[in-house]
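Student: For reference, the structure I am asking about is given below.
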Ligand code: PRP
Ligand code: URA
């Protein structure tokens, strides 16, 4: 079973409170989403493998560590996932960025795939799927389905706010995927919104309320 990690560092809790506040405007919301994504990237990269490399310091030859292992691909689920990409790239600048477009049908709440563009050789890559919200889990499951269908086999899911319902659905559909979230909230409302949540992440990022 994939691990669920709630990254409730004090800085993250403080920043989450800012974006949960309905009085936070688009510009500040966008900035703080990226700041939280940067902090999450630090935690997500904690278990990246390292290897020995011989270098010379100004004084002696020395064996030190450098990152090894799979090349990283950050995959935002459009559109709100885009809001986390720059923050993640701040810490993992060499990562490639793939895109998966999903929206929730407002009537059925089912995810609809409308765009997929990914780098080649997914079998050899560490995929980080990013989306601020894990609500019913439908979008995350469908996005990860789309990646696995194209060969990805090493996937982590990174979000800001998760509902217990969505965590359960994602864990059941993709038990190999670790989930990193800044907060695990109480529940969904009857319209599939997370409570207390932060509202519609895409609308708040892009000012489309
Ligand atoms: C939001 C959010 C997730 C999805 C989560 O996107 O960014 O992708 O809902 O809900 P789920 O877990 O119930 O699938 P939305 O469909 O509103 O599209 P947007 O990013 O274009 O705003
Ligand atoms: N998508 C959002 O943007 N917010 C929610 O609360 C649920 C799904």
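Just so you know, glycine gets a Cβ as well, placed from its N, Cα and C.
Quick caveat, the model's predicted, so the values are computed rather than measured.
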Student: With 79, 131, 132, 133, 134, 135, 136, 137, 138, 139, 200 listed by TrEMBL as binding 5-phospho-alpha-D-ribose 1-diphosphate, identify the candidate in 46, 104, 187 belonging to that site.
Tutor: 104
Student: What other residues of this chain sit with their CB within 8 A of the center of the CB atoms of 194, 199, 200, 201, the recorded uracil site?
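Tutor: Surrounding the site, in chain order, are 132, 133, 161, 193, 197, 198, 202, 203, 204.
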Student: For the domain 'Phosphoribosyltransferase' (6-208), would you mind checking the mean pLDDT of the predicted model?
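Tutor: Mean pLDDT for the domain 'Phosphoribosyltransferase' (6-208): 96.
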Student: Provide the three-state secondary structure of residue 194 (uracil binding site) computed with DSSP.
Tutor: strand
Student: List those of the binding-site residues 79, 133, 135, 200, 201 whose Cβ lies under 6 Å from any atom of ligand 2, in sequence order, or write none if there are none.
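Tutor: From 79, 133, 135, 200, 201, counting a Cβ under 6 Å from ligand 2 as near, the near ones are 133, 135, 200, 201.
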